[in-house]
Each structure stands twice: as structure tokens, then as C-alpha cells.
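Now, the feature entries from TrEMBL:
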- A:D12, A:S13, A:Y44, A:G45, A:N76, A:T77, A:T184, A:H185: substrate binding site (BINDING)
- A:C75: active site, proton donor/acceptor (ACT_SITE)
- A:C183: active site, proton donor/acceptor (ACT_SITE)
Number of protein chains: 2
Amino acid sequence: MSRQDQPIGVFDSGIGGLTVVRALRKLLPEESIVYLGDTARVPYGNKSHATIQRYALQAGTILGRYRPKLMVIACNTASAHGLGALQAAAPCPVIGVIEPGAEAASRVKGPVGVIGTLATVQSGAYEDAIRRRNPQALIHSLPCPLLVGFAEEGWLDDPITDAVCRRYLNQIPFEVRTIVLGCTHYPTLLNSLNRTRPDTTWLDSGELAAKAVEDLLRGSLGFRTASARGDLKILLTDAGTRLQEVGERFLGEPLDSVELVEL
Amino acid sequence: MSRQDQPIGVFDSGIGGLTVVRALRKLLPEESIVYLGDTARVPYGNKSHATIQRYALQAGTILGRYRPKLMVIACNTASAHGLGALQAAAPCPVIGVIEPGAEAASRVKGPVGVIGTLATVQSGAYEDAIRRRNPQALIHSLPCPLLVGFAEEGWLDDPITDAVCRRYLNQIPFEVRTIVLGCTHYPTLLNSLNRTRPDTTWLDSGELAAKAVEDLLRGSLGFRTASARGDLKILLTDAGTRLQEVGERFLGEPLDSVELVEL
């Protein structure tokens, strides 16, 4: 098989990255995707740099078996802590979800907000990536640890979810009109976020990463030559409860073939 | 060192079990405790039976190095899925937090509620353990996946936490007047739980487990002979962010010596 027909490998700490797969399949329906979710050790959001880095390298080894033309770390926390190490070790290019989000954020006029897990925000990865492009950028970062739970519980159009979003987002000054969704779970909470802070532009790091993938394929990596819809293979390290229900909500299509792997 | 002076080994998926350590140190201040929190893979609440069982056995191996006279699985989810395997493998007696809670619940007149993580509730471990003692027991079990996040976020006297508790607990019929706190995080939410459902008796599985430990020591295992306050050694598989703050809130004393171990 020539390289352009090899799959795209996608790695996530759990199933949140399925929102990135959803964006990829919308933008690039012909591409084959192998998704690895580390559901046995999810979430990464409260874990340390060294541990997340180790987990990312292990995931890269598994995905490497499928000879991907490109790997995507579809998790902000894993991107913040594991991207450099995986780029150094992987036999193919690797992109994360932070650089594409930071690229868009760096072009914003005025201050920009970033919300994410504790580990993502404390890593400073968004600040670093935005300031590399725009040293004058004014950035307000805020960890929102409870939002992942609400996305997974599926309380999507719900006054309690609105109240939690409001509690967090009111800590970001009102002049901030653009906020990066620095966690792949957050796009499922967009209704609540919009009610809490209308007239805000939300930068979806997963959607932006899908566009970055398209750019890379258009460059040297190449698009898949077949015109049929690409396969989606899902590997998980643990088949926990409610996976089907929550996963399908994130992916936006049925979760057909799930395979268990050990890390 | 004679056996009665050996430490008690306590295993938890993370730091929730520190509420059990707190109860143990209140009831049995002279005992030495070695606590192992698997913070690199926390939480277990959404993971599968096989995975949790494997993790419990790995934790038992680490704790075994300290030659404990007794091991306590201070996590309902790990007790529900890992107790039998660890009892079969460990070189000392092992107790979980479910049997003591179920024992108290089985003596309740009228229906009883059980709240916990998804994995704990779906295991049916409380139902089984209560019905073994009282086959006629009427049990209402309810998973409350978001409560762990609220306990860790520390929104303890908060209308949002109250609203979440109300949303969950209203699903339990009002004639239920006794509810088992089937997760070691929940005792920190007692104020909210009480506001939501006044006149309820809450059975704290951790506190009841501490009493069960006392009974076992009074029997063949023996109390520690020294009269000084026992040592508390804390082993974690990952030193994540906010550990100090959240851990101290759960433990009720400073977290002094934390050591990292690999599983």
C-alpha cells in the first residue's frame, strides 16, 4: 500500500477525541482512521507531565503497528505534555490539537480566553504556542475540571450545566470575546457555553486540528486514493460502561467495531 | 517486629480513600498505615471488571512489600471488582468497604438506598452483600457519576452542588430514609446531601470499614503495642496537580511525606 493510502492514527486519553474524529470524517471522509483511546487510564487531566508523556509514547507504539501516514494527538492534555516526546519517537509526522488552536487564537484582535483541564492549563502550552506567534497576546486561561464530567453525563441542555459554565466563565473578563475550547469534550457543551456567554467566538481545537490535517495531506503526505468512505477502527484499552452511549454522542455515528488492546 | 506492630495497608484508586484513613486514624490512632493511591490511573469508576481486578492485584503486590497485618481496599469500586482476587492472592487478610456498609444496611428497617460510581452500582456488589444478609431487603441503587468531581473541586457548600445532589437523589423514592454513601468521596459532600434530603441517615462506608478494622484487630490480628501516634506513609502512582490541597481536605491533616511508586 502506498503511503497516502495508509490510515491516520488518532490517539486520545479516552473517548473525547471522538469529537476530533467526527471533524476529520466530515472534512476528509475518504481517509481511514485508527483511533486509540486509553480508556483504562482516562482522564489525563489531573495527571503529571512525566506520566502523560509515558502514556503518549506507549500509545504511539500501538498506533505505529498500523503504519499510519500521520498521527494526531486528539487530546489537549496529551498534546500539552506528550507531543514533543511522541514527535521525537514516531516514524511519521505527529500533530496535536494545541498548535492549530493556538494558531487561530494568535490571529484574534484583543484578548483571548483558553479553557481546559487542570493539566492542560497548568502546562502553559496554549500560552507558549500563542505567544510564539504573537508575543503581545493577552491570554486568560482557566481550568474547568468539572466540564468533562458534564459532557460525559450528557446533561447537555440543562440549567445545572449552565450554572457550572457560568461559574467558571464569569472568571474570564467580559472583554474577552474569543475563547479556545482547549478540551475535546467541550464542543458537546456548546449550547450551554453559548447561553452563558452569548456573542463569544469559540475556537474548537478539534475542528481546527482537522483542518491542519487537511493541510498536511494536501502537502507531502497525500490524500487517500480510494473514493469510498474510509474505515474507522477503534481501539480501546478498556471497554468501560456507557462507552457505547457516550462514544456515539461524541462521534455522531454508531460505534461499530471496538477492539480491546493492552498498553 | 511482631505481627501486631506491622502496618495496615490501605489501597485506593486515588485519594478518596484518605477519608477512610481519616476514620481509621480517629478510631485507631496508634496504628501505622501505608496508603497506596493509584493516582496515575484514577478514577476506576468507569472502568471494567477485568481492568479494576488487575489494578487491585498490582496494588496488593506493592503494599505486600510493607508486610501489612491487614489490607483495606478503601475504594468502593475497587472493592466491588477486586476484593475476591486480592483476598485470594494476598499474604494477609483483606477487607473492602462494601461488606461493612452492606452489613449496616441489611439491619435497616424498610427500604435502603445506595449511591456510588457507575462501576460500583453496576457491579451489584451492594445488592449482593445486603441480600446475603437480608434476602427481603428493598434496595434502590443509583449511580451519581458527577459527585466525585464536585468533591475534588471542593464546591462543598454550594447551590450548584446542592442542585446536582437533588437531581440525583430525587430519583430515589422518598420513603427511603437510609442511604449508603457507596463512594469514599461522598462524605465530604454531606452538607449538600443533608440539605437535599434532610432526615436521612447516611451510612458512611469508610467509617463503617474503620469499625470493621477495629473488630479484626481486637480479634486475632492484634493492636499495635506502641502508644505513640502511628506513622502514615503515602505512596502514589502519580503526583498530580492539586493533590496537596484536595488530599488534605479528605485526610483532615497535612499530607507530609508522599512517595512516588510505579505500578
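Every residue gets a Cβ built from N, Cα and C, even glycine.
Because TrEMBL annotations are produced automatically, they should be read as predictions rather than curated entries.
Quantities reported herein were computed from a predicted structural model and do not represent experimental measurements.
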Exercise for the section: Would you list the other residues of this chain near substrate - those whose C-beta lies within 8 angstroms of the C-beta centroid of A:D12, A:S13, A:Y44, A:G45, A:N76, A:T77, A:T184, A:H185 - in sequence order? Expected result: A:G14, A:G16, A:G17, A:V42, A:P43, A:C75, A:A78, A:T117, A:T120, A:V148, A:C183
Completion exercise
Across A:C75, A:C183, listed as active-site residues, the smallest other-CB tally within 10 A is for A:C183
Handout entry: CB contacts for A:T184 (substrate binding site) [other CB atoms within 10 A, all chains]
Key = 34
Handout entry: Neighbour tally for A:G45 (substrate binding site), based on other Cβ positions within 10 Å of its Cβ
Key = 28
Practice task
Calculate the distance in Å between the alpha carbons (Cα) of A:Y44 (substrate binding site) and A:C75 (active site, proton donor/acceptor), and round it to a whole number.
Solution key: 9
Completion exercise
For A:S13 (substrate binding site), the nonlocal same-chain Cβ neighbours (under 8 Å, six or more residues apart) come out as A:G37, A:D38, A:R41, A:V42, A:P43, A:Y44, A:G45, A:Y55, A:C75, A:T77, A:A78
Practice task
Using DSSP reduced to three states, classify A:D12 (substrate binding site) as helix, strand or coil.
Solution key: strand
Exercise for the section: Return the residue, from the listed binding-site residues A:N76, A:T77, with the maximum count of other C-beta atoms within 10 angstroms of its C-beta. Expected result: A:N76
